[in-house]
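One structure below.
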Amino acid sequence: MEILRTTDELRKFRAAVSQKVGFVPTMGALHAGHISLIKRCKDENEITIVSTFVNPTQFLAGEDLDKYPKNEAADIKICENLEVDAIFIPKADEFYEDDEPKISAPKSLSAILEGATRPGHFDGVLQVLNKLFNLTKPKNVYMGKKDAQQLTIVRNMVQNFFMDINVNACEIVRENDGLALSSRNIYLDEEQKMLALKLSRSLLKAKNLVDASETDINVIKTAMLKILEPLKVDYIAFVDRNFKEISKIEVGNSIILVAAYVDKTRLIDNIWL
């Protein structure tokens, strides 16, 4: 496995590759969710590249950039064990300049939900991914459904910038108890992990209601809020697969999303129906 730390090294590696390339962009602190993305990438491509870059432009002032979990040695070992072809681990000063052009996510997709709480976050996501896609030139990119809004915005960029890339949505990976895997779960103690389970349990309740033919989002939201107590709920949202707000559940074209705080840790989860 090649360990690449500069854009020049990545360019050189990519220039020598003629096979189909798959790419898994991450911020490191790799867990079983990331591993599932990498395994699918390896199954569907001849060359697999993984990036582990904690991108500063997608963090707001006061967020956890400095505290964000990092374990470079473990990330490298995981990728080696999975027989990844190259891991890209750049530094921020290698990746950004002061006077570079900016990319803005469309407000219709980025000013709501995560973007309402974290204004500018998705601009930073697109900024880094545009660079990474240009460097890695992948045929396939793999991203988790857990970040459903991000997935939609990235697909919008790929489509509108005429990038010849397939953005593949991968299923959410959960602990045995249902907790969605996240690098930020490391912030939670055992008591907080029990509270965090309220997110997935509220979504399971929503699914059970839909399975019983309930489509009224007000009924579903009320049931979810009851389960989420006493957490501070940021939002519960109901959208279609294009991230347009919906007034009732349409099975096969609906996503229910939830964001809530467990103490100071903000967690997100969703279910695709």
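Each residue, glycine too, has its Cβ placed from N, Cα and C.
Other Cβ atoms within 10 Å of the Cβ of K145 (ATP binding site) number 16 in total over all chains. Taken from Swiss-Prot, the feature ATP binding site covers 27-34, 144-147, V173, 181-184, and the record attributes it to sequence analysis.
Note: H34 (active site, proton donor) has non-local neighbours V24, T26, I78, i.e. same-chain residues 6+ apart with C-beta under 8 A of its own C-beta. Summarising the annotation, Swiss-Prot assigns active site, proton donor to H34.
For Q58, Q150, the entry in Swiss-Prot reads (R)-pantoate binding site, with the evidence type sequence analysis. The local packing around Q58 ((R)-pantoate binding site), expressed as other Cβ atoms within 10 Å of its Cβ over all shown chains, amounts to 21. Secondary structure at Q58 ((R)-pantoate binding site), taken from DSSP and collapsed to helix, strand or coil, is helix.
The beta-alanine binding site annotation in Swiss-Prot covers Q58.
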- Message: Using the alpha carbons only, what distance in Å do you get between S183 (ATP binding site) and Q150 ((R)-pantoate binding site) once rounded?
- Response: 16
- Query: So which of the binding-site residues is most packed in, judged by how many other Cβ atoms lie within 10 Å of its Cβ, out of L30, V173?
  - Reply: L30
- As a whole number of Å, the Cα atom of M27 (ATP binding site) is distant from the Cα atom of Q58 ((R)-pantoate binding site) by 11
- Task: Using all protein chains in view, find how many other C-beta atoms are within 10 Å of the C-beta of G33 (ATP binding site).
- Result: 19
